[in-house]
Amino acid sequence: MDKVVILDFGSQFTQLIARRVREAGVYSEIHPCTADPEKVKALNPQALILSGGPSSVLDPASPALDSAYLEWGIPILGICYGMQLLSHNLGGKVVASSEREYGRAEFQAMNDCPLFEGVEESDSMTVWMSHGDRVEAIPPDFEIMGRTESIPFAAMGHPGKRIYALQFHPEVAHTQDGALVLQNFLFKVAGLNPTWSMASFVENTIKELADTIGDAKVVLGLSGGIDSTVAAVLLHKAIGHNLHCIFVDNGLLRMGERQEVIGFLEEHFELNVKCVDAADEFLDKLDGVTDPEKKRKIIGHTFIEVFDREAKAIDGVKFLGQGTLYPDVIESESFKGPSAVIKSHHNVGGLPEKMNLKLVEPLRELFKDEVRRAAYELGMPEHIIWRHPFPGPGLSIRVVGAITRERLEILRLADRIVQNELLASDWYRKVWQGFAVLLPLKTVGVMGDDRTYEHVIALRIVDSVDAMTADWSRLPSELLARISNRIINEVKGVNRVVLDISSKPPSTIEWE
Ligand code: XMP
């Protein structure tokens, strides 16, 4: 299978490049620009893409391009900082600019560059720029492949060496025909074949897992979320009953969650799942705790204790399976440019170190929506594939304030109504997440002839693409009214429902 390596110089768009390449049907991997070129070479890539980045090649402390990469003779595409690096390394000239050019620019392709074949308005193409420095002289033997009003060398190339570079970002949606420009690099310049598909990914992954693991046993923490579930099914297909899944019921799950997930996995995939009922252990430790960060820490530590104990009871375990996704890998391994985000939601941080097991992470190359496609490929049913994300600390961070069994039960009942109504009205798939939150206050109401003094439920229902930003979903008022009426009528102890209409930022999706 053809493979493209993307060297990450810290651009916020590096992941987008990987995505576009994969959407074109070519397998790609991101490696930090500090990677050892020999190790990258051993991966046998057929083409290289150099990402953008926030640095200046004029600053000696900036990340450089190891000239070894230029000696392999494989096609290279430099983007933004990647173009400046190529220029700098190959004898061109890069100059600092007093102003940063940011936003749209009109680009004019030149010299029949193969990158712009099929682009509709290649003599006036809208492209997205984000750079300070620019190339002032291209390297010897290179041709100008395009310009904008403000920069004479907005694209350059050396057809013989199959090295091309763009000052703009083809990977962002604002660049007109940007995906086509990248495809032209992959297919017209590098001559790659679009053989990567989710079906081939699933097949190859199962084979690779079987080879790597052999007869050893693997233990995996199954949360019921899509990531760990898909990881479990892939591992199960590779090694069968040598996969031991542990599902920890922490007493903070949604109504029917345990039965729904475990039942399905046992029935359809004959998965080896041990359900550990640790609700008392978790709830006892959470007794009287109101601080959100303390709740998270207690839950994280308790999870590790329970999981470690259970895993040690299984003989001969050598591997720890995890449903780590690509963005998580990038966050921990990326060259630290502005793309590096501090991950705040480590649920099982510290587990691999503590357990001294080798990690197997079959999803580490995929984005969330790709995991969903893999789930389809594996024949998982839609209701599992499209379940809304659910946080590791579970309902504990939706029972605002002190957690008691009684308050958890009220929340579960209210939340089930929210879930059911979203599903029944077809809004479930349209929103990113929708759930109920139990507030730490009581208010006055009237029911029949009686005054009531009871709990308040808030509805948190949001639209988002990646949970980094979110906005409250504009649901039809009839649906909101139905949810509210049902909660107040059916959930004993609740006499008021309010709607959260804050966006993220400055609010967050979860309340704690
Ligand atoms: P926030 O509240 O930070 O949530 O806007 C963003 C997304 O992350 C989920 N979330 C978590 N997921 N462990 C998780 O696995 C956590 O501790 C955690 N906290 C929040 C949240 O549901 C939303 O999808």
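FYI, residue positions are counted from 1 along the chain as it appears here.
Using N, Cα and C of the backbone, Cβ positions are placed for all residues, glycine too.
Curation plays no part in TrEMBL annotations; they are all automatic predictions.
According to TrEMBL, the active site, nucleophile annotation covers Cys80. What TrEMBL records for His169, Glu171 is active site. Annotation comment: TrEMBL describes Ser223, Gly224, Gly225, Ile226, Asp227, Ser228, Thr229 as ATP binding site. According to TrEMBL, the domain 'GMPS ATP-PPase' annotation covers 196-387.
Mapped onto this structure are the features recorded in TrEMBL.
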residue : record                   : Cβ contacts under 8 Å, 6 or more apart
Cys80   : active site, nucleophile : Ser11, Ser51, Gly52, Gly53, Ser130, His131, Leu166, Gln167, Phe168, His169
Glu171  : active site              : Phe13, Leu16, Ile17, Arg19, Arg20, Ile79, Gly178, Leu182
Gly224  : ATP binding site         : Phe247, Leu253, Glu257, Arg258, Glu260, Val261, Ile262, Arg387, Phe390
Gly225  : ATP binding site         : Gly323, Arg387, Pro389, Phe390
Ile226  : ATP binding site         : Lys368, Val371, Arg372, Ala375, Ile384, Ile385, Arg387
Asp227  : ATP binding site         : Gly323, Thr324, Leu325, Leu363, Lys368, Val371
Ser228  : ATP binding site         : Leu220, Gly221, Leu222, Gln322, Gly323
Thr229  : ATP binding site         : Leu222, Val261, Leu265, Gly323, Ala375, Met380, Ile384
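Excluding the listed site residues Ser223, Gly224, Gly225, Ile226, Asp227, Ser228, Thr229, the same chain places Leu222, Val230, Ala231, Val261, Gly323 with Cβ atoms within 8 Å of the centre of the ATP site Cβ atoms.
A coil conformation is recorded for Gly225 (ATP binding site) in the three-state DSSP classification, outside any helix or strand.
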